[in-house]
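Here's what TrEMBL has on this protein:
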- 82-148: domain '4'-phosphopantetheinyl transferase N-terminal' (DOMAIN)
- 93, 101, 137, 138, 159, 204, 208: CoA binding site (BINDING)
- 156-242: domain '4'-phosphopantetheinyl transferase' (DOMAIN)
- 159, 160, 161: Mg(2+) binding site (BINDING)
């Protein structure tokens, strides 16, 4: 591993491509085919635990499977009940939805479960087959799903965002003054992302994890995120007293590949 605070070049320098965990450039961290599948219907599925353990020395205490895929029309892989959810949707929305479900099914297959539909509740959150839980997200080019068994006793969320600068108005709506101050003291790096994008994605993944654990829709400003340049982040949720929920502490990882930021947040069992 070598640390290089520089932007990703237009072409890959090695077969494994360039992959950033935090601001550290890691070659070949993902399977070698990952950097070349964007723009096609190819996908890659891998063990989250094995992957993060290799990078962080065993900080993940549960096993999960992750699948990334390029956004494409995967409606042929949908179950009839899933098709019904996007029957009147645009072609773009069908591609996003079907690729997310395709990723979910690829991850579920690693646990020996692939025949069940992944539907959606009234909030649009995925309804997972009995005994499983997971999280799905997409950006303009990629979709991702992470799945684990409920027996792991874990709640988590994932998010993927295009590496674009988040507008000032949006940042002000979701962030506390303290969070913004902490972003200002982070060292500058030349990755094609801003710390505000990482913050936004970390809050999204934390929101999903909190909702999975409590059923409460946390207000963005109640989710306090602290980002570290090593690719980790921590989250504190101060629950609204009216919900009766217990405040939670979460941990997470952020990473960048190509022009996308990926975050995963989880509540320690």
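Glycine residues also receive a Cβ, built from the backbone N, Cα and C atoms like all the rest.
Distribution of TrEMBL features across the structure.
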{"residue": "93", "record": "CoA binding site", "DSSP class": "helix"}
{"residue": "101", "record": "CoA binding site", "DSSP class": "helix"}
{"residue": "137", "record": "CoA binding site", "DSSP class": "strand"}
{"residue": "159", "record": "CoA binding site", "DSSP class": "strand"}
{"residue": "204", "record": "CoA binding site", "DSSP class": "helix"}
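Note on the domain '4'-phosphopantetheinyl transferase' (156-242): its mean pLDDT in the predicted model is 88. In sequence order, 137, 138, 139, 144, 158, 201, 204, 205, 260, 261, 262, 263 are the same-chain residues whose CB sits within 8 A of the CB centroid of 159, 160, 161, the residues recorded for Mg(2+) being left out. In sequence order, 71, 96, 99, 100, 144, 160 are the residues of the chain that are 6 or more apart from residue 138 (CoA binding site) and have a CB within less than 8 Å of its CB.
Sorting the domain '4'-phosphopantetheinyl transferase N-terminal' (82-148) by DSSP state (H, G, I as helix; E, B as strand; all else coil) yields 23 helix, 18 strand, 26 coil. Its Cβ taken as reference, residue 208 (CoA binding site) is surrounded by 25 other Cβ atoms within 10 Å in the chains shown. Cα-Cα distance from residue 93 (CoA binding site) to residue 161 (Mg(2+) binding site): 16 Å (rounded to the nearest whole number). The two recorded residues residue 101 (CoA binding site) and residue 161 (Mg(2+) binding site) have their Cα atoms spaced 18 Å from each other.
When Cβ neighbours within 10 Å are tallied across all protein chains shown, the highest count among the binding-site residues 93, 101 belongs to 101. Rounded to a whole value, the Cα-Cα separation of residue 204 (CoA binding site) and residue 161 (Mg(2+) binding site) is 10 Å.
Cα separation, residue 208 (CoA binding site) to residue 161 (Mg(2+) binding site), rounded: 15 Å. Sequence-distant contacts of residue 159 (CoA binding site), defined by Cβ-Cβ distance under 8 angstroms and a gap of at least six in the same chain, are 137, 201, 202, 204, 205, 208, 262, 263, 264. The record assigns 93, 101, 137, 138, 159, 204, 208 to the CoA binding site, and the maximum Cα to Cα distance across that set is 21 Å.
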